[in-house]
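Beneath this line is the structure, given in structure tokens, with notes to follow.
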Amino acid sequence: MMKFSVIVPTYNSEKYITELLNSLAKQDFPKTEFEVVVVDDCSTDQTLQIVEKYRNKLNLKVSQLETNSGGPGKPRNVALKQAEGEFVLFVDSDDYINKETLKDAAAFIDEHHSDVLLIKMKGVNGRGVPQSMFKETAPEVTLLNSRIIYTLSPTKIYRTTLLKDNDIYFPEELKSAEDQLFTMKAYLNANRISVLSDKAYYYATKREGEHMSSAYVSPEDFYEVMRLIAVEILNADLEEAHKDQILAEFLNRHFSFSRTNGFSLKVKLEDQPQWINALGDFIQAVPERVDALVMSKLRPLLHYARAKDIDNYRTVEESYRQGQYYRFDIVDGKLNIQFNEGEPYFEGIDIAKPKVKMTAFKFDNHKIVTELTLNEFMIGEGHYDVRLKLHSRNKKHTMYVPLSVNANKQYRFNIMLEDIKAYLPKEKIWDVFLEVQIGTEVFEVRVGNQRNKYAYTAETSALIHLNNDFYRLTPYFTKDFNNISLYFTAITLTDSISLKLKGKNKIILTGLDRGYVFEEGMASVVLKDDMIMGMLSQTSENEVEILLSKDIKKRDFKNIVKLNTAHMTYSLK
């Protein structure tokens, strides 16, 4: 028996199927060990003619449906029934695979006896693909100890007997989301699920026009698939507690990432009864005992969806978005909420950490100015206080910076280096946090991972004069989590900057090892017997120009004792 059947449904794919076929023809795997099963859904272009050109390059099976089915489900089923490989790999006609995909997958499957193998995906041309489940290769994962429930597309490798023996096919009457039901059935029936993440094996490509798998689907059809998935989980040959946990995780995924997320705030009011009725049919298939296992913020939504109460459902989503509630209190760090008069209290709702976006970050040798916004926070403005926290990497020292400006939820903090420079030498690395306080509860969030474009090149720094020593302050982004931190270290001034006289009244300050930024404005140079005023301007990250108020002779330039900026003095002798 050959190792793989690569299943490709096609429909008007002439513009891009060549890339897929080339990737299959270039596989570092014996051509006798895999077949390519193409089932066409009545294309009206040159798709099949292009496929036929690969007869001598690939072990091809090509067929065409008699009538257009309107979706990839039926072509995949026809191909699956024709498949002779030990394993099947579903590939969309507008995607392609790594030349080592089949070779590496075969070796991995033989070693670990996988029934389902997830291969690492990579998006091309801005196509979004699941990533969280591909952080590492894993010979065996489950629906609960991994993130595989967050990828329910069929573009995986399946043991053929797993599918055929358990009658796992795509529901042909459904034209969208049918792949989620297919994949969930495979997960539930597999003895071993594995993840191969050594490299990008599957390239999902964003193309112009309509993807074969994408088409409008009504709320009734969409939520019917979700209901069928819930039923499939509940009917699985597993312990009830285990099934309930899987269903809860599926609901977490569904309400966080599907069209259900925020639908009452997006869909036209006149269409919302249709949506809530269909959603309600889905949720009514979920036993109420499962509600206790989902993310706590979803419990009110499940309650009102099950009751098909669109008004209160909308109130919940709007309340979460605004962070404003009819009644609420915080007990032991959790929210108790009543969304409307006469409605039940929902207790023990976790307050998720807010997401912080750094919208601005500017610094010089005088101050650091950063602007932050809070996003997706369950508590509205007016119920919390914010402050910036600088925490030393060794956790021994902490500095707090109060809020300077609150402009329409844009929080600005001014870190005056003069105020903190005495504390900075205590530690080389200072991490930046935003603290959000609600009563006695404090939420701490690292800053910088989400940000607007950073205004400086890497290693751009500021010079600080403290007592008789000079220091370099360098903001940087951490390697692992891409958050902003401050690096503070002693330097030798003459190794870091140089001064040159340009003409008779300009001094050029240049960074020798990196760019240095200075506060623009009034400056002065102090000579042995004189002081000359000037105006400092930053001409580039690596260069500063000081335009003097009068000419200076070269012999006097060599005797400059000090350089004064608006808030710093640099002793040069």
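Using the three backbone atoms N, Cα and C, a Cβ is placed for every residue, glycine included.
Going by Swiss-Prot, these are the annotated features:
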| type | residues | note |
| --- | --- | --- |
| BINDING | P9, D41, N68, R76, D92, S93, D94, R127, E178, R207, H211, M212, S213 | UDP-N-acetyl-alpha-D-glucosamine binding site |
| BINDING | D94 | Mn(2+) binding site |
| ACT_SITE | D179 | active site, proton acceptor |
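Sequence features, as recorded in Swiss-Prot, placed on the structure.
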residue: P9; record: UDP-N-acetyl-alpha-D-glucosamine binding site; Cβ within 10 Å: 28
residue: N68; record: UDP-N-acetyl-alpha-D-glucosamine binding site; Cβ within 10 Å: 13
residue: D92; record: UDP-N-acetyl-alpha-D-glucosamine binding site; Cβ within 10 Å: 22
residue: D94; record: UDP-N-acetyl-alpha-D-glucosamine binding site; Cβ within 10 Å: 22
residue: E178; record: UDP-N-acetyl-alpha-D-glucosamine binding site; Cβ within 10 Å: 25
residue: D179; record: active site, proton acceptor; Cβ within 10 Å: 22
